[in-house]
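Per Swiss-Prot, transmembrane segment is recorded for 25-45, 347-367, 369-389, 396-416, 440-460, 472-492, 537-557, 863-883, 888-908, 910-930, 968-988, 998-1018.
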Amino acid sequence: MQVLPPGSTGGPSRLFILRPVATTLLMAAILLAGIIGYRFLPVAALPEVDYPTIQVVTLYPGASPDVMTSAVTAPLERQFGQMSGLKQMSSQSSGGASVVTLQFQLTLPLDVAEQEVQAAINAATNLLPSDLPNPPIYSKVNPADPPIMTLAVTSNAMPMTQVEDMVETRVAQKISQVSGVGLVTLAGGQRPAVRVKLNAQAIAALGLTSETVRTAITGANVNSAKGSLDGPERAVTLSANDQMQSADEYRKLIIAYQNGAPVRLGDVATVEQGAENSWLGAWANQAPAIVMNVQRQPGANIIATADSIRQMLPQLTESLPKSVKVTVLSDRTTNIRASVRDTQFELMLAIALVVMIIYLFLRNIPATIIPGVAVPLSLIGTFAVMVFLDFSINNLTLMALTIATGFVVDDAIVVIENISRYIEKGEKPLAAALKGAGEIGFTIISLTFSLIAVLIPLLFMGDIVGRLFREFAVTLAVAILISAVVSLTLTPMMCARMLSQQSLRKQNRFSRACERMFDRVIASYGRGLAKVLNHPWLTLSVAFATLLLSVMLWIVIPKGFFPVQDNGIIQGTLQAPQSSSYASMAQRQRQVAERILQDPAVQSLTTFVGVDGANPTLNSARLQINLKPLDARDDRVQQVISRLQTAVATIPGVALYLQPTQDLTIDTQVSRTQYQFTLQATTLDALSHWVPKLQNALQSLPQLSEVSSDWQDRGLAAWVNVDRDSASRLGISMADVDNALYNAFGQRLISTIYTQANQYRVVLEHNTASTPGLAALETIRLTSRDGGTVPLSAIARIEQRFAPLSINHLDQFPVTTFSFNVPEGYSLGDAVQAILDTEKTLALPADITTQFQGSTLAFQAALGSTVWLIVAAVVAMYIVLGVLYESFIHPITILSTLPTAGVGALLALIIAGSELDIIAIIGIILLIGIVKKNAIMMIDFALAAEREQGMSPRDAIFQACLLRFRPILMTTLAALLGALPLMLSTGVGAELRRPLGIAMVGGLLVSQVLTLFTTPVIYLLFDRLSLYVKSRFPRHKEEA
């Protein structure tokens, strides 16, 4: 047993140094817990930060946007507006469809929100039209969130109606049952139905009306209870042939008698098996298809949900005929997995680089092994805590662990370097470990808690940005905390067992060359430091200039919100003139699809035309462009978008808007471009006055591109102006007029066919092939009081007007959304400021309000809190350091190093052409924690030298700088190399990781050079200031 010198207590490390078995087993337990925890951690793109969002869709075929707004949307909005926890309510009412999107506060559980929505729908039921084909349907899904998976179902042998029927009953329902799936939509609208197309001339010749036909059909097809007979011996259930199942049966239906002869439906109408809505269509790579979009519930794990769907797909497709093919066109998890794999590789690369730099400085394998064990142990142990906190393996937590490699190795390096110094002086390894660990223990604690203090403000950030970075901050803090524990336990214990004078002195040619190089560097630094200390005011001027430069760079640097990712999927909107029909839009999408599929980067394409819950108007079409994997194409997504828009620009009468899908979805509406700005008024008339003015002003701004709005008030409308007196004289009510028009032109769902597996509709309409356009109104006939028929033209005048194609509300008031992108050379911050300046110039009245939406609104909130976030980080660190040092002065000396980090980070971002977004801001905040480590190591040793050796402040700080130069250089290079893989990232998701790496590498490079000289000067300045205060106020001295 070694005899320990007096004072070799080892501090908190003593017990662990003297009990190596217990220490080893404790570390093994941490390692095992981390390995087990890793197996249970889910994989995701980003932390779960989704707002609880519910979409309510109501379909009312044939209803105009005005009718949908007043009769459907408004009653629902009034009930929804009374729900607690509602953050925002938006609605879109178009021809035949009402979509209300409800976004709740982050703190409200989705299941609670669902209960409130269901109760509100129930309360509004009595206020809704009595002839709604279906009640409002709600889905726990954000409509702006892109599908996690898109499947195309095609067949070259079966009609699309049969294909959709099979997909709906055999595939879609099963996928809907998967945990995490919020909504499965079948785009294409080929739901089977019996279509009855009335011949207006035929029914008029027979003195019949469409209402007569409708009544006959609804009365002939019923499916209701008929009772049972209960006799003395047996019970008998009653049934009847009260249903008609096929078009042939309906064709033979007798609807009236003329002169004793039956008039069958087939005599006055074309009856056929068709689709429920003939104005819906979807195509996959230009082939007619049923496109199945699978959307997840807010908060659901996308990887687990997609894996479950993939597992069941083979079994589901086996139940389909061989002529029906199911193709997975897009799977967002493919890019998510690739991004996570790339980040994991960068993590391993960072570990390798850090270990390499350690060996370069220590030039000793045993000494390199010790931190080589500490780094993975600290990182793996973090996984155990992540499991208990319900975190996931995602880009941000992996980025935190990658950055942590440079942090966690710092503590081990400081301990090893200090213990090695004593061993080289001749101390026994055990005594050196006890003495070195005891001496450095306070420094480790200071480094750890001051660094964690920097992360504390991130935990208190509000709203979605705070939720986004909570996992990042906590993961990093846990890794740093475990690192401190390892450095005070395992590291000194291993030093006592693995290091010796012989091993440290054993050198080869490489070691001797490195040693000579380091000696020369330290000597050069010493000479430079001596000169700096002799000219303190020049150094202070440099420090002050650095502070001013930081402020200037902060003001001028382009600012953004979140990096635009290349996930390999592009969402698009095709816009045509407002009066465009379904047939013309189908033709236009074919032309556009042909151009898009010619691009070498495009792998597949789906297009959709028609009005449903996802597409508001007939003059717009939805596109989803799936790109080839990143390693199989030459261009990034923004270059592909520019190329596609150029290719389509020559097609007359269309405008194509494209934007890449993102993992972070804040919006609640599918937008044409990345950013949104709303104009809201109390009336539609006020909007119609100000929308053109604001749109023209925004389109003239160079900071904005592709400016458009969803305001469409030039749709063609036929106004039926009924002479109520004439109608009343003939016994015709307005209800009769509405019914006649609805029967003829509304694709009216008049009856339901029930089967064992599904329900199908009977659709009534006029056959307008021979009388297209407004001429079809001349064929409408109404039944008068005496039983005769009267043409509509006898009581009404037809006027052609303009009407809105859709009416949008935000929190129950009319609103228009302006969509825009930011052109190259400008930032989102530039665009936001330009819009605000334009708004002031227009001098909008008080009843007109504006607001940014989605990511632009989040950008404003994040930008407003950024400065306070950095101030909070500095204040938190000052408090921690003040408590640790029991001093008001020394924390200021340490914090004086921070402007150097800001200058380096901001300069690096500007040189790299990167914006100051929230990822880069997190990097700057982390730099605050890293850079101050240099000052802590210098000041700790300087104070100890003054206290224990009686040195003057100048001699103490000079010696401390030289003694700590090597560990400072080593720890800084370790942190720099830990961030270097992120800066040089090129794989999937690199856009997300690169700003963090750029900010940290730039900040470390500049701060490393400056703080080595500015810190000792500022230390001496504050020392003189302290002496001056004590001399002026002797009471302070006495109390001290």
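The count begins at 1 with the first shown residue.
Note that Cβ sites are derived from N, Cα and C of the backbone, with glycine treated the same way.
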Using Cβ atoms only, state whether the transmembrane segment (347-367) and the transmembrane segment (440-460) have three or more pairs under 8 Å that are 6 or more apart in sequence. no
Tell me if the transmembrane segment (998-1018) touches the transmembrane segment (472-492). I count contact as 3 or more CB pairs below 8 A, with pairs 6 or more residues apart. no
With the greatest number of Cβ pairs under 8 Å to the transmembrane segment (440-460), the stretch among 369-389, 396-416, 888-908 is 396-416
Same-chain residues at least 6 beyond the ends of the transmembrane segment (998-1018) with CB under 8 Å of its CB atoms are 403, 525, 528-529, 532-533, 536, 539-540, 542-543, 546, 893, 896-897, 900-909, 911-912, 914, 920, 923-924, 926-927, 930-931, 934-935, 938-939, 957-958, 960-961, 965, 968-969, 972, 975-976, 979-980, 982-983
Positions on the same chain near the transmembrane segment (396-416), where near means CB under 8 A and six or more residues out: 46-47, 340, 343-344, 346-347, 350-351, 354, 358, 361-362, 367, 370-371, 374-375, 378-379, 382, 386, 436-437, 440, 443-444, 447-448, 451, 468-469, 471-473, 475-476, 479-480, 482-484, 486-488, 491-492, 495, 499, 926, 929-930, 933, 937, 967, 970-971, 974-979, 981-982, 992-993, 996, 1000
In terms of Cβ proximity under 8 Å, which residues at least six beyond the ends of the transmembrane segment (369-389) contact it? 27, 30-31, 33-38, 40-41, 347, 351, 354-355, 358, 397, 401, 404-405, 408-409, 411-413, 416, 471, 474-475, 478-479, 482-483, 486-487, 490-491, 494-495, 498
